[in-house]
Amino acid sequence: MVNVSITTDYSRMLFMRNTTSTLKIAIIGYGSQGRAHALNLRDSGFDIIIGLRPGGPTEAKAQADGFTVQSPDQAAKHADLVAVLTPDMVQKKLYEEVLAPNIKQGACLLFAHGLNVHYGMITPRSDLDVVLVAPKGPGALVRREYEIGRGVPCIYAVHQDLSSHAEQLALTYAGGLGGARANIIKTTFKEETETDLFGEQAVLCGGVSSLVQAGFETLVEAGYQPEIAYYEVLHELKLIVDLFYEGGITRMLEFVSETAQYGDYVSGPRVIDGSTKERMKAVLKDIQDGTFTKHWIAEYQAGLPNYKKYKQADLEHPIEKVGKQLRAKMVWLNSEKTNDTTPPMSSKVV
């Protein structure tokens, strides 16, 4: 490992430049994020090896991309930094059985999500630097933005700093992804994990999905055509989210009609009110005290019986049948699809 004392912005830049030419990085996993990380880091000048199960489904893809592929244990042995980019629920076994016995002393262990470390499923060896670097976007976007000379914002955190330059390693890694071209924000494993889980459960996945289904059911039960209900509560959601993404809630309000604005002001609080916020707080509490993670681990170890039941119920919801029929006629959707068909590596992937 490079051993440099970081005292100024200049010396930090010097550290990053020198580290780029000497750091060997093992990327464990080659899904959406793993591939984007590997390609961007290689193009930034790092020496990259990929750690995958021999004969696994992504081995050929990594080799076609020009990478040396080794088994995870061998990749870890030869790396100065090991990036764990596999789904959450396989990381504990991967670390305990494969990585911990093989990572060399003084190396850096990097995660893209803090769940396993924060909740104690993984206790990293004390002789390692342990950091987190998480681009705030899917792998396809991380790669695409890098290729056109831009970048996706990243957050980073330090859990263990044995070398006294773990933070600089995290920043160097984030810079290699292209994050420094956009924005890099320091956080903690606790903050990243708890806010990420809350966002997924209360808003981005659980909250929005339940809101859309309830809206669809309300219209259909009132006698409106399912096709019209689908357009109004699901299809047009993209228009609103794109405006949120570009400039926040105020930008969305600038681009909708005055009628829509007034409806937002008077009816939004009737649907999402103080009681909703109280239930959100209960969701957050379950995340903070580990209740959610405890239940999720038990569910996973039991073979996912409830998970499968919930998933099947969503698949059988009437909005899915209607949506499939309507989307089949939206020929432009095919042209908008990217090659990034691998599910993102995160807490929501099994």
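Note that the numbers count up from 1, one per residue, in the order the chain is shown.
In case you wondered, yes, glycine gets a Cβ from its N, Cα and C as well.
In Swiss-Prot this protein carries:
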DOMAIN    4-187  domain 'KARI N-terminal Rossmann'
BINDING   Y30, G31, S32, Q33, R53, T58, D88, M89, V90, Q91, G139  NADP(+) binding site
ACT_SITE  H113  active site
DOMAIN    188-333  domain 'KARI C-terminal knotted'
BINDING   D196, E232, E236  Mg(2+) 2 binding site
BINDING   D196, E200  Mg(2+) 1 binding site
BINDING   S257  substrate binding site
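Taking the features listed in Swiss-Prot, we show where each one sits on the structure.
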{"residue": "Y30", "record": "NADP(+) binding site", "Cβ neighbours (10 Å)": "28"}
{"residue": "S32", "record": "NADP(+) binding site", "Cβ neighbours (10 Å)": "23"}
{"residue": "R53", "record": "NADP(+) binding site", "Cβ neighbours (10 Å)": "12"}
{"residue": "D88", "record": "NADP(+) binding site", "Cβ neighbours (10 Å)": "23"}
{"residue": "V90", "record": "NADP(+) binding site", "Cβ neighbours (10 Å)": "15"}
{"residue": "D196", "record": "Mg(2+) 2 binding site", "Cβ neighbours (10 Å)": "20"}
{"residue": "E200", "record": "Mg(2+) 1 binding site", "Cβ neighbours (10 Å)": "16"}
{"residue": "E232", "record": "Mg(2+) 2 binding site", "Cβ neighbours (10 Å)": "14"}
{"residue": "E236", "record": "Mg(2+) 2 binding site", "Cβ neighbours (10 Å)": "11"}
{"residue": "S257", "record": "substrate binding site", "Cβ neighbours (10 Å)": "8"}
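On the 0 to 100 pLDDT scale, the domain 'KARI C-terminal knotted' (188-333) averages 98 in this prediction. The recorded positions close to D88 (NADP(+) binding site), defined as a CA atom within 10 A of its CA, are H113 out of H113, E200, E236. For the NADP(+) site, whose binding residues are given in the record as Y30, G31, S32, Q33, R53, T58, D88, M89, V90, Q91, G139, the maximum C-alpha distance rounds to 21 Å.
A simple way to gauge crowding: the CB of G139 (NADP(+) binding site) has 25 other CB atoms within 10 angstroms, across all the protein chains here. Every protein chain shown contributes to the tally, and the Cβ of H113 (active site) ends up with 23 other Cβ atoms within 10 Å. Reported as a whole number, the C-alpha separation between D196 (Mg(2+) 2 binding site) and G139 (NADP(+) binding site) equals 17 Å.
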